[in-house]
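As recorded in TrEMBL, the features of this protein are as follows:
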type	residues	note
DOMAIN	34-219	domain 'Reticulon'
TRANSMEM	67-89	transmembrane segment
TRANSMEM	139-166	transmembrane segment
Amino acid sequence: MPPHFPSNPDHGPHVTGPFHRHKSIHRILGGGKAADVLLWKNRNVSAGVLAGATLTWFLFDVVEYNAVPLLCQIAIFAMLAIFIASNAAQLFDRAPPRIPQVVVSEHAFREMALTIHHKLEYAASLLYDIACGKDLKKFLMVVGSLLLLSVIGGSCSFTSLLYLGFLCAHTLPVLYQHYETEVDHLVARGGQDIKKFYEKVDSNLLNKIPRGPVKTKFR
């Protein structure tokens, strides 16, 4: 049985978009501050996050800096800054600087753990359903994506792979939001080409594979 692809009976220039969403992209990304950063609602914050990620990738992948020495040196620099500021405040008869305390409640940790557990459970269940072959299209897409990821991961380091994934997550949503119509058109036309290719493979190859007789079960 051939897989189901988005169809377009007219095959004309007006192609229906394949992403029939009932939610906005902001809500699909989870809403809140994280979605605002990914969609560049505040350009300064999004640019700062991108600059921080780029600096981290440059230190660990290009300069090949180790994480432990970097963390230790950051801690040393912070302690020296606090030491100088505290002693200078006594010399000038001023109050020493007060560092705000960041307190994370137990409730926040539990909520984070439950969220991660729910996401992992959903991902494992989804991958299991796809691996069972219930939807051949999704199965082929996942296998192809894993093969592509394997090739990319074999040609670059793990840090570069993470940075590449961050760049995609940080730029593709906002680009899709600006060019939604064009992207939907291209994806729909690509789906039509894949459907035609599968029909050729099915008629020229898959249908010629001998199959045994189908056993009918009588109750």
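Think of each number as a place in line: the chain as shown, counted from 1.
Glycine is treated like the rest: Cβ placed from N, Cα and C.
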May I ask for the residues of the chain that lie six or more residues beyond the transmembrane segment (139-166) and have a Cβ under 8 Å from a Cβ within it?
3, 53-54, 56-57, 60-61, 127, 130-131, 133
Can you give me the average pLDDT across the domain 'Reticulon' (34-219), rounded to a whole number?
81
